[in-house]
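Reviewing the structure listed below.
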Amino acid sequence: CPPPHPQTPSAPGTTSSLDLEELMSNSSFGYSDSDSDDRNFTFLDYDADTAPCHNHFCPLFRRVAPPFLAATCAMAALGTAALLVALAKRPQAWQWPQSRALVAQLALGTGLFAAPLPALAAGIAWGWHLGVGLCRLTHLLWHWSLFAQALLVGSGSWGTTWARWDPRSRRLAVVVWVGALLLAVPAALAGGTVAGTSCVRRSVGILSPAYLLHLTLFLGFLLLLPTGLLVATLAVPPRRESWQKGSSASWVFFGLWAPYGVGLAVEFLLHARLLEPTCGTFERFDHALGLSEGLGVLHCGLAPPVLLLTRLC
C-alpha cells in the first residue's frame, strides 16, 4: 500500500494520478515497510468539498497476510504431496474423469502457484522490497498456474482426451502449458512495483493495453469459460454423467476464483467511472477485493485434498 497524498480537485469526469485508482490498485498483495497510521488517510478527488476518506485495509493486510499465506502454503505442500503419493502408489485407481494424467497436471499447477508464497509471506512480514523483475516473475508464475489449471479443468470437463497418457494427450499437454504461459505474459507486464511499495498486482493504469488484455483473459478463462461449460454440462446428458462420476471435484478451482473475477470487473467499472465511486465504496472495496483474492489463493491448499478425498470416497 503506497503512502497516500492529499489530492487537488480534478476536472469532472477525470481521475488524478494519485487518487482512488492508484490507492486501490496497489493494495491487493502490495505492502509498505511502515506501519504509520498516516498511510490510511487520503483525500479523494470526487469534488472540491469532499471529506477525507480513511482506508484501514493496509494495516489489516500486513497483520493477516503473512500467517494466512504461510498456512495456505503448508496446506498446499501437504495436500499436493499426499495427492502425488496416491497417484504413484495406486495408479489404477485414477480413471476418467479424474484420470492420472489430468490430476498430476493439476497438482503441478497448485505447486507452481504455492511456490512463491513463503517468500511473499516473509516479505510482507519483514518489509522486503522485491525488484520489478522478481515481482513480474512471481505474477508470471501465478497466472501461468491459473490459466493452465483453467484449461486443464475445462478440457477435462468436455472430452476424454485425458483418460490415458498417449501421444494425443501429450500434445494437448504441451498446448495447454505453452498456451497458459503466453496468456500469463500480460499479467506480468501489468504487475510490478510502485514508489513506497513492494510487489503489487497492478502498477499500470486501468486503461493500459497490458492490463486490459490481462483483465479480458482473466475474466474470460475464470468466469466466462466455467459459465459456458456449466451450461453445456447441464444441457448435454453425457456431460452430466461425467459430472456425477466425479469430474465436478476439480471445479473447486473455478468456484474459489470466481468472486475475485467479479471483484476485478467491479474495480474496472469504478476506475473507468462507469460506476461512480463514493467514500464508502473506497473504504470497503479493498477489503472485499482482498478477501476474494485470499479465497482464490486458498485453491492451492484446498484443491489437492478435495481431489484426493473425492477419489477415496
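Glycine too: its Cβ is placed from the backbone N, Cα and C atoms.
Listed in TrEMBL for this protein:
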- 68-89: transmembrane segment (TRANSMEM)
- 101-128: transmembrane segment (TRANSMEM)
- 140-160: transmembrane segment (TRANSMEM)
- 172-191: transmembrane segment (TRANSMEM)
- 211-236: transmembrane segment (TRANSMEM)
- 248-270: transmembrane segment (TRANSMEM)
Tertiary contacts of the transmembrane segment (101-128), as residues 6+ beyond its ends and Cβ separation under 8 Å: 29, 31-34, 61-62, 65-67, 69-70, 72-73, 76-77, 79-80, 83-84, 87, 94, 138, 141-142, 144-146, 148-149, 152-153, 156, 162-165, 169, 173, 176, 198-199, 250, 253, 297, 299-301, 303-304, 307
For the transmembrane segment (140-160), sequence-distant contacts whose Cβ falls under 8 Å of one of its Cβ atoms, 6 or more beyond its ends: 96-97, 99, 102, 105-106, 109-110, 112-113, 115-116, 172, 176-177, 179-181, 183-185, 187-188, 214, 217-218, 221-222, 225-226, 229, 232-233, 239, 242-243, 247, 250-251, 253-254, 257, 299
Close approaches to the transmembrane segment (172-191) from elsewhere in its chain (Cβ under 8 angstroms; 6 or more beyond its ends): 101, 105, 135-140, 142-148, 150-152, 155, 161-162, 199-204, 208, 210-211, 213-214, 217-218, 221
